[in-house]
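So that you can see what the record holds, here are the features copied from Swiss-Prot:
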type	residues	note
TOPO_DOM	2-23	topological domain 'Cytoplasmic'
TRANSMEM	24-44	transmembrane segment
TOPO_DOM	45-75	topological domain 'Periplasmic'
TRANSMEM	76-96	transmembrane segment
TOPO_DOM	97-115	topological domain 'Cytoplasmic'
TRANSMEM	116-136	transmembrane segment
TOPO_DOM	137-156	topological domain 'Periplasmic'
TRANSMEM	157-177	transmembrane segment
TOPO_DOM	178-192	topological domain 'Cytoplasmic'
TRANSMEM	193-210	transmembrane segment
TRANSMEM	212-232	transmembrane segment
TOPO_DOM	233-258	topological domain 'Cytoplasmic'
Amino acid sequence: MSVEDTQPLITHLIELRKRLLNCIIAVIVIFLCLVYFANDIYHLVSAPLIKQLPQGSTMIATDVASPFFTPIKLTFMVSLILSAPVILYQVWAFIAPALYKHERRLVVPLLVSSSLLFYIGMAFAYFVVFPLAFGFLANTAPEGVQVSTDIASYLSFVMALFMAFGVSFEVPVAIVLLCWMGITSPEDLRKKRPYVLVGAFVVGMLLTPPDVFSQTLLAIPMYCLFEIGVFFSRFYVGKGRNREEENDAEAESEKTEE
């Protein structure tokens, strides 16, 4: 392979390294800004459970190092979540030069909407699901059982719920992409509504902890988001995409001829 052939690859690798470093720096900077408030952040996240615990019950730490490492771990996860827009922008900046004009027009709204939907999903979990789920679980504890949740186990539980609801709220973005690529159409999706409803409960069962309450609270919003995605996908059907591709291809060929 000649030097001329390897030059583009080296350029791309250098650009990729730059974008990865920017992502790492963003996470580290946010983490350093938040680490001082690590205990406050954990208290904020644990508040929905503490409010539902019986009087006199508290959270416990079954590991010697848990009181120190668990809030730090949570703070790092929060830093990753808050830096998501920066990470997505770096991904966009890396792939943008290789995209057609019509693809660039679609990517920016998708990046913005996917970030917003992810945060909305997490907020829905915190403000709606957590109080209902923890209240239900605490009230159904057998008589004589002292409810004292381990702080590390609680973190794993709530992060699983946060991720499940954040990812599930991306359903409209996924549907728009599928219709834009021509893989499916709004008409086909409307015909499959019964299967989607069943699938939403199956996904809720797989993504959430093993209690029917959390599964239902995830499945119902997922189906509603499916309907929202079907509504907006009619503006991004494959025919329009094909026309845009043809126009961009013609523009590229004209530039090449010149």
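Glycine is treated like the rest: Cβ placed from N, Cα and C.
If one looks beyond the topological domain 'Periplasmic' (137-156) by at least 6 residues along the same chain, the residues whose Cβ comes under 8 Å of a Cβ in the stretch are 42, 45-46, 49, 52-54, 57-63, 66-67, 70, 73-74, 211, 213. On the 0 to 100 pLDDT scale, the topological domain 'Periplasmic' (45-75) averages 87 in the predicted structure.
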